[in-house]
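Lifted from TrEMBL, the feature list:
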{"type": "DOMAIN", "residues": "18-107", "note": "domain 'PI3K-ABD'"}
{"type": "DOMAIN", "residues": "191-281", "note": "domain 'PI3K-RBD'"}
{"type": "DOMAIN", "residues": "324-494", "note": "domain 'C2 PI3K-type'"}
{"type": "REGION", "residues": "410-431", "note": "region 'Disordered'"}
{"type": "COMPBIAS", "residues": "418-427", "note": "compositional bias 'Basic and acidic residues'"}
{"type": "DOMAIN", "residues": "473-661", "note": "domain 'PIK helical'"}
{"type": "DOMAIN", "residues": "574-792", "note": "domain 'PI3K/PI4K catalytic'"}
Amino acid sequence: MPPGKYGMQEEWEKEEAGDQGIMMDFLLPTGIFLKFPVSRNDTIKTIKKMVWKNAKNEALFLALGDPDAYVFTCINQSAQREELEEESRRISDVRPFMYVLRLVAREGDRVEKLTNAQISLLIGKGLHEFEAQKNHEVNEFRTKMRAFCEEKAMERQLLPWRQWMEYSFPCDLEPCCCPPDGGNNKKTKNTKKIFVNIKFEGSDESFMLQQDLQDLPLSLMRSALKKKATVFRSVRQEPEDYTLQVNGRWDFIYGDSPLSQYKYIFNCQRNGQNPQLTMVHHSTITKYQEEQGRMCNQVFKNRSLSRPPPLPLKKQNTSSLWSISEPFHIQLLQGSRVNADEGMKLVVQAGLFHGSELLCKVVTSTEVPVSSEPIWDQKLEFDINVSDLPRMSRLCFALYAVIEKTKKPRGTKKKNKKADFPDDKSDLLNPMGTVEKNPNVESAAGLLIRFPNIRPHPLYYPPLDKVTDLEKNGDASTVSKDELSKLKEIMDNKNYTEFFEDEKELLWKLRYEVRDHYPESLSKLLLITKWNKREDVVQTIKLFYSMLFSDGNLLRNWPDLPAIHALELLDYSFPDPAVRSFTIRCLNKLSDRELLQYLIQLVQVLKIGHFLFWHLRSEIHVSSVGLRFGLILEAYCRGNIHHIKLLTKQNEALSKMKTLSDFVKSGSQKMTVEDLKLCIKQESYIEALSDLLSPLNPSIILTEIWDKLEQAIEEFTLSCAGYCVATYVLGIGDRHNDNIMIRETGQDSLALGKSEEEALKNFKVKFNEALRESWKTKVNWMMHSLAKDNRP
């Protein structure tokens, strides 16, 4: 082991104002060793130039080739060997475990390696971790999704500039096209005008135009071009060659919607402001598109050249899962790394689940003595045939210890003590748990099981065309009025979560009535489906597809559901692929704005894609979902290569802000303020926190916060004024602040004692009498006014 200084993480976190530099070791491919100081703010590219400059005075310098033919490698903080392909990164951001960099010759496709390094850094998980899984499902998903994403990315680059705009920068529209202060009078609404400040790209001159809110963006651009031609005596241009951009934002206004429906103009009109817009020529938009196209072509072209042709598929014998009528069983062999107290017995339970539903009785193994590697070598047979297993069945295990039975003397009182674990051991099974590999492989307990070799060739679940071979209507029969009324009662009761057996049979019998009259109750029908019965599963799958049978009858599919009901079907209780496919079909009809509202439940490139990325990125460290989210993030980055740069910039800014936050927490208040200012002035922080494109609009967020605060203050003021008058009229003298209880919205209530409550009761009686005698009061005041000749 070479001598060195360990625990370099703290050294990299030091932020010295003077930046005296650090001594680094460099290992060259010629066998030469270099050592010289570098700055923490130096980039990898700068350090490489310094290496070449110092290597000129050493032996074997002529053996070195061009600098671009070499790349630095280091051991990172995760103890992984990392190639520093991204040479624009600073050495303080790379943070090698030791102050050592090794220079090696480049191998393979540089563009591919650079892209992989950027994606790994961005998603917080190295792509080599996916390859180390050696999981056929993971590899197949990565291959198919990469091909799919690259194909879609290439199709986008071939779109005309207007259609490309609609994809990359979708318009942010209000659901209603009415002005914010518009009334019910159509004439008033249609003649509403607004002043718009228009400037042209690359010009400092601007024009103030008055435009009807019901006009289209094309009319506004036509007026602006007409104004420009009149003022500057320029050649008239076509408005179709331009689009409108909001000043300071990546927000464009185009299309066939009225101006009042665009969110930016709607907010300006509501706040009494004039919209500030810029006329952008289509050639500028085309440049953005071409820039993205070059980035994509560079990546995809190099990969297509290095990718070998696919191997021809070999025809192999297969068997349908439905052709096997023998019971499902497994062989429980032994355990490993089991930790339990002596004098106890170890037991394993196994259960088959579909979502949260137990498909058959739980199977329990025999009891064996405690040891670190207990041996069972026992066959566990389940009360269900292989042909009845649904496609998304899940096999769950529970390992627990039981106290060995011992003889006790008679007359010993039993202690009434609550158990530390459930009496029903089947509760230990966790069908909601993850199927990911436990990251603590060396310390976690394990079970070794063997699945039976039912057939010598692979088994497959029957496809949809095989499903239609069964009887189309199953147990369809006549329906009585009582059954329909009972069905209506069940459907109208939204609190139904568990059903009795007779209710389950009724729902299943009337499933087509549920489809025709109560389609939003699909989840209830799925919950009562017998997923351990193949015939019922077939009838359920048929509900989602339109099928034409040999007798000419057409079986209609289930109508599409609103998003609020479709999202319910994404619960773990409904894992069937047909149900998931139907749910995605329903959600496909959502607009970008509607999808963004549901994105946090589900977890466009710059608008929806940004939030999708960060919702998943924030949970990447959770071991139960890390692999799944990492694969989705990689697929997103592969399909949006141009978005990687923007997300990387945001990731660097987030990292710097986290470092500043930790720095503030660790220091005292007096030293923190001054040191924090020095840290922010450093070049690395200035670069990371400058020119940051944020998807949030802080002005809008702060405006909403201040609006809520002002509304709360107004509510509190009016409430206090009302209580002052009420307590004065009632004669309540105990009016102090302790009696007022304030809510977050500013509304308050008055805490009254017994005397005040009696006063309120008395006031209520007198007030009712006054209402009943109100006509007498009016007559008396009228006679009084006549007597005074209407004089005060």
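Residue numbers in this text run from 1 along the chain shown.
Glycine residues also receive a Cβ, built from the backbone N, Cα and C atoms like all the rest.
TrEMBL annotations: computationally assigned, not manually curated.
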- Segment confidence, the domain 'C2 PI3K-type' (324-494), expressed as mean pLDDT: 80
- Message: I'd like the per-state residue tally for the domain 'PI3K-ABD' (18-107) from DSSP, helix first, then strand, then coil.
- Response: 22 helix, 29 strand, 39 coil
- Across the domain 'PI3K-RBD' (191-281), DSSP yields 31 helix, 29 strand, 31 coil
